Structure formats: C-alpha cells, structure tokens
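According to TrEMBL, the protein has these features:
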COMPBIAS  400-425  compositional bias 'Low complexity'
DOMAIN    24-63  domain 'Leucine-rich repeat-containing N-terminal plant-type'
REGION    315-339  region 'Disordered'
REGION    395-431  region 'Disordered'
SIGNAL    1-20  signal peptide
Amino acid sequence: MARCWLLLLFWAFLWPAASAVPCHPDDLRALRGFAGDLSGGGVLLRTAWSGASCCSWEGVGCDSASGRVTVLRLPRRGLTGLIPGASLAGLVWLEELFLGLNSFVGVLPDALFGLTRLRKLSLASNELTGQVSSRLGELTRLTLLDLSANRFFGRLPDVFGDLTSLEHLAAHSNGFSGFLPPSLSSLSSLRELNLRNNTLSGPIARVSFSGMPLLASVDFSTNYLTGWLPTSLAGCDELKSLNLANNTLVGTIPSWIGEFDHLWYLNLSNNSFVGEVPKSLLRLKEGLATAGRSSGMVFTNMLLYVNDKRRALNEQPNTITGSNNTVRSGRNNSMSGNDNTVISGDNNAVSGSFNTLVCGDNNVLTGDHHVVSGSNHIVTNSYNKVSGCTNNVSGSHHTVSGSNNAVSGSNNTVSGSNHVVSGSNKIVTDG
C-alpha cells in the first residue's frame, strides 16, 4: 500500500511538469498569425488563445519532449475566410490538422502541401473550391484525407502512388470529374474509400482492388462510372459495405458478390445490370436477417432493379431519411438528411443540407447548400443555387437565375428577368 502511495505522489509531482510544456516561439508566432487572419469565429478563437502557453490552448496539441505543435483541431468553430496558409506553414511539426465543419472558402493554399509531417488532414464540410494540386502527393505520411462536402472540381490528381500509408480517403459530395485515378490501386493500407456524389466517369475497372486486403468500405455511388463489376473486388475479404448505386454499370451480378463473410451493406441499385440475382446473394440476404444484422443492410429491392429498372419503388409517396438517397421520379415525398438527390418529381418536401433537386415543380426546400431547378419552389435559408421560374426565395447568399422569381434577404446574386427583389441583393442583369 505504501508503495502505491509513493507512486501516486511521484506522478503528482511529474504531472504539472508534463502538462506545462513550453510553447516553441515559432509555433506561438504561427498560431497567433493563423487566428489573426480568420473571420467569423476567429474573434472567439483569438480571445481563447491568450497568453504564451500555446500547448495548453484549446484545440492545440504539442509534443511532450520538444514542445512543438503537432495537432491542430478546430472543427465547428464558425471559422470563415481563406485558410491562412502562410501561418500554417510555420507549424513545421504539424501531424494532424482538422478544420472541418467551418466556412472556409477559396482554394487550398500551396503552403499546406509543405507540411510533410502531416498524417491526418480533414477539411470536410467547408466551401473550398478549385482543383486539388498534384502537390498533394508530397504529403506521403497521410493516413487520413477527408476533402468531402466542399466545392472542388476537376480531376482527382493521380498521385496516390505516393500516399501508400492512406487508410481513409473521403472526397465525396464535390464536383470531381473525369476518370478514376489508376494510382488509387496502390493504396495497400486503405480501409475506407468514399468518392460518392461527384461526376466521375469512365470504367470502374481503372481501379484494381486486388492490392487492398484491408478494404472494408467502398462508396462510388451517384457518379457516371461504367463497365462490369470489377473482379478485383472479389479478393477484398474484409469488405463490409459496398455502394455502387446510381451509376451506369452493366453486365450480370457475379456470384462472388454474395460470398463476403463480413458484408452488411450492399447497394447496386439504379444501374443497368441484367439477368437474375445470384443465389449466393439471396442466401447472403437471408443470412443477414437470421443473424439480426438486417438493420444495416439496404437490399434496395434488388430484384426490381435488376429485372425491371423502371419498377423502383418511386411511384408512391415515400418518407426518406438519412444521407445520399436518390429519388429518380415520383411525387409527394418527404426527404430529410444530407446529400440527397431528387432527379424529377413534384410536391416534395426536402430538408437538410447539400441536396440536389434536378427538376420538378411545387417543392418546398429548407436547409442550406441545395442546388435547385424547376419552377414554383419555395426555398429558404442560405447558400442555395436556384434556377427556373416563379420561385419564392428567401434567406441569404443565394444564386438565383430564371424569371418571375420573388427574392428577399441579403447578399443574393440575381440574374434573369421580371424578378421581384427586396433586401440588399446584387442584380446582375435585369429585364
């Protein structure tokens, strides 16, 4: 007992010294510059980051031996403006950078790719734009890269052969286009690959999965990928989730698709497959239900989609929740969640964020970052793109085109003719 008390006293003596790691002056200068360049929540951050002991600041982590900053985690802080690349460049020991769920804009700063010690980089759910530089390949130590839910466009750089430590790669819900980079095949440590909801095209077989023994989750849904299901997937014994819905894949569904021991989610809907569902897949569905794992399994009416694609259950009013759902046609649907797509239909109620309404009439949309076309819609909140006619748009930071729209709020950009506009808005053209 006495020895235990001595150990406790020993650790109590050491703890203050361990927690009071001095902040390196270069890192202190860089962090102050970073906070000083931010808008929005940057005011609160500058208030919170007071004094010179930056290793004790919220969201900052330091190496216990050197006192150098190795971690910067600032999600959901309301930070706005450009990412302060020049200041980040001073954090030369940085290993983890999490700036997701803020409102950063602009392109990725070139200085970011000079942080060659980075292992984890998450910039998800901002408003970043532009093309991703091929300098991404210089971050050779990355194990996690999350660029999802931004406004990036262009081709994914074919540099993944230099990022062979990657375990998690997410770039969904952007505007990436072109073919899949063949260098994705080099990611031998990969566990998660999520590129859904982009405009990627070309053969899915450009990526070989045969060298990814740890791969557990693949989501290529809602793109324009073509070809047969790649046989290289058959060797991914750890696969738990496979979503290839809403592409233009062809051919028959192979029997090996039902032989994954760990699979709990499979979605191949809205493609151009022909033939019957293999018996191995039907047995897999039954086995999942018997094992009580059906709650995670979305079988997506596979027989309907395979034998008669037009018989997808879209003609009845549906209540749809969650993320990355697609309504190809129908009416009177109620949708909530994120990253949903309504390709056509009428009288739908859509709420959440990052939803796309391609065409239709008389829909009610609430939330942010929707893309809307058609007519007679009611759109509220902010950062929506609206085109069509006779829409009622309120909120802020909308981009509106078409004719006969009623626009209120502020910081909206309006083009077209015969609009009724109130608030502090920018009129691009007026008829």
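Positions of Cβ are set from backbone N, Cα and C atoms, glycine also.
TrEMBL does not curate its annotations; it predicts them automatically.
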Report, as numbers and ranges, every residue of the chain located at least six residues beyond the domain 'Leucine-rich repeat-containing N-terminal plant-type' (24-63) whose Cβ falls under 8 Å of a Cβ in that stretch; write 'none' if there are none. 69-74, 77-82, 84, 86-93, 96, 102-103
Within the domain 'Leucine-rich repeat-containing N-terminal plant-type' (24-63), count helix residues (DSSP H, G, I), strand residues (E, B) and coil residues, in that order. 22 helix, 5 strand, 13 coil
Looking only at the domain 'Leucine-rich repeat-containing N-terminal plant-type' (24-63), what is the mean pLDDT? 93
